[in-house]
Amino acid sequence: MPHADQLITNIGRLVTGPQAPLRGQQLAQLTAIDQAVVAVQAGNIVALGSQAELSAWTADQTIDAGGYLAIPGFVDPHTHACYAGDRAHEFELRIKGASYSELMAAGGGIMSTVHATRAASKAELVAQTRPRLDQLLAHGTTTVEIKSGYGLDTATELTMLEAIAELAQTHPIGIVPTFMGAHAIPAEYRDNPEAFVDLVVDEMLPAVAAWWQQQTIWQEPLACDIFCENGAFSVAQSQRILVKAKALGFRLKLHVDEFEPLGGTPLAVELGAISVDHLVATPPEHIAILANSETVGVSLPGTPFGLGKSQFSPARSLIEANGILALATDCNPGTSPCESMPMAIAIACRYLRLTPAEALNAATVNSAFAIRQHERVGSLAVGMQADLALLNLPDERHIGYKFGTNPVAIVIKTGRVVRRNQLHADR
């Protein structure tokens with residue numbers, strides 16, 4: 001008689017995409033099992049199927065899924081969730097007409113958060129970040145990428161990474177860090193941005209690489225991200241930083257084309273970046289280059305939504321070109337203070353014209369591939385981590401259909417219940 005550590009039973013409907021990456025029309029592929037059971041051993045799935053198929057299994061612990069809809073735990077591949085302070089005052093200024101670039105030029109925007117983060121200790125960063133991770137987890141995210149990038153000096157960037165590392169060891173959510181020392185040009189280098197590029201290349205990257213070598217939590221390369229945009233880093237500056245990062249063993253990621261198409265997408269593909277993120281202003285010829293690569297296009301629909309913009313990334317064009325599309329929240333204090341992947345899906349269905357099936361796969365299977373965690377998380381299959389979100393919804397279409405509420409009832413990480421949302425407890 002087969003035996004497991006845990007059996008997750010009474011799943012009303014289990015839905016998962018194939019394993020990553022999913023290109024083009026593959027993004028709409030889902031497998032559904034009604035009245036499903038999942039068997040878990042040492043945190044990984046060892047069997048899944050219908051209740052009839054797994055009726056012989058026993059376990060040390062049985063988890064009643066309450067008849068809920070089961071999906072893979074969301075994987076959020078792009079956040080800036082570690083920071084101090086907030087930018088609620090800028091939200092009101094934007095409503096009154098201030099632009100993103102105007103706020104940046106006046107010392108606000110990213111610089112406002114840099115000032116607050118530089119003044120915070122590691123303990124304060126941990127304390128302020130933890131509730132954001134609680135919210136991400138409560139909304140069904142079981143793995144999240146978190147960037148540094150609000151230090152813009154070597155010491156604070158390392159403090160941010162240390163805070164992220166502490167959270168990775170003390171919070172149930174899975175965390176994948178990214179170094180983003182090239183997030184913006186700090187005020188002290190405004191008149192000499194090349195000197196800041198020198199600092200990133202000659203001091204920050206080697207220091208962070210040395211720090212990473214001492215870590216025991218993660219076994220894969222650290223990623224280096226950069227904001228390739230007017231007012232931040234040019235294509236030439238980005239290339240210089242990324243070439244050095246690649247030589248030091250970093251994986252590469254880029255913020256590109258949020259406002260203008262500088263050429264960051266072709267650069268990313270040329271250098272073998274794992275993802276390019278934003279893509280709001282990406283022209284068709286660059287979408288074609290991206291689609292013909294292993295680089296994931298990560299759409300952040302909460303960001304133009306948060307900025308009150310009407311232009312969103314051309315996600316359908318990337319799908320139709322047979323590219324790899326993922327979704328993320330871009331959780332950050334300024335433009336997308338969103339901690340909900342279901343909300344990102346709801347926006348994507350409306351403004352990016354994704355079907356609910358496409359959006360679900362983009363937020364699980366392909367988002368795991370965007371941070372190269374796809375061999376462990378993002379889909380439900382034998383050998384994968386038992387990371388599930390149980391939703392109080394009749395089927396997967398309702399994830400994009402409903403918005404403004406949290407449909408997640410129970411969150412399971414490596415076979416353990418790590419969150420029960422009280423709102424759904426009396427169902």
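Sequential numbering from 1, following the chain as shown.
In case you wondered, yes, glycine gets a Cβ from its N, Cα and C as well.
What Swiss-Prot records for His78, His80, His255, Asp330 is Fe(3+) binding site, and it gives sequence analysis as the kind of evidence. The feature Zn(2+) binding site is assigned by Swiss-Prot to His78, His80, His255, Asp330, with sequence analysis given as support. Here Swiss-Prot flags Arg87, Tyr150, His183, Glu258, Thr335 as 4-imidazolone-5-propanoate binding site, drawing on sequence analysis. What Swiss-Prot lists as N-formimidoyl-L-glutamate binding site is Tyr150, Asn332, Gly334.
Feature map: Swiss-Prot annotations on the structure.
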residue: His78; record: Fe(3+) binding site; DSSP class: coil
residue: Arg87; record: 4-imidazolone-5-propanoate binding site; DSSP class: coil
residue: Tyr150; record: 4-imidazolone-5-propanoate binding site; DSSP class: coil
residue: His183; record: 4-imidazolone-5-propanoate binding site; DSSP class: coil
residue: His255; record: Fe(3+) binding site; DSSP class: strand
residue: Asn332; record: N-formimidoyl-L-glutamate binding site; DSSP class: coil
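Residues Arg87, Tyr150, His183, Glu258, Thr335 are recorded as binding 4-imidazolone-5-propanoate; their most distant pair of Cα atoms lies 20 Å apart.
Under a cutoff of 8 A between CB atoms, and with a sequence separation of 6+ in the same chain, the neighbours of Glu258 (4-imidazolone-5-propanoate binding site) are Glu229, His278, Val280, Ala281, Thr303. Each of the binding-site residues His78, His80, Arg87, His183 was assessed for Cβ neighbours inside 10 Å, and the highest tally belongs to His78. Taking the Cα atom of each, His80 (Fe(3+) binding site) and Gly334 (N-formimidoyl-L-glutamate binding site) are about 10 angstrom apart. With respect to their backbone Cα atoms, His78 (Fe(3+) binding site) and Thr335 (4-imidazolone-5-propanoate binding site) stand 13 Å from each other. Within 10 Å (C-alpha to C-alpha) of His255 (Fe(3+) binding site) lie the following binding-site residues from Arg87, Tyr150, His183, Asn332, Gly334, Thr335: His183. Comparing CA positions across the binding-site residues Arg87, Tyr150, His183, the one lying closest to Gly334 (N-formimidoyl-L-glutamate binding site) turns out to be Arg87. Cα of Arg87 (4-imidazolone-5-propanoate binding site) to Cα of Asn332 (N-formimidoyl-L-glutamate binding site): a distance of 10 Å. Cβ neighbours of Asn332 (N-formimidoyl-L-glutamate binding site) (same chain, under 8 Å, six or more residues apart in sequence): Thr79, His80, Ala81, Tyr83. For the N-formimidoyl-L-glutamate site, whose annotated binding residues are Tyr150, Asn332, Gly334, the maximal Cα to Cα separation is 12 Å.
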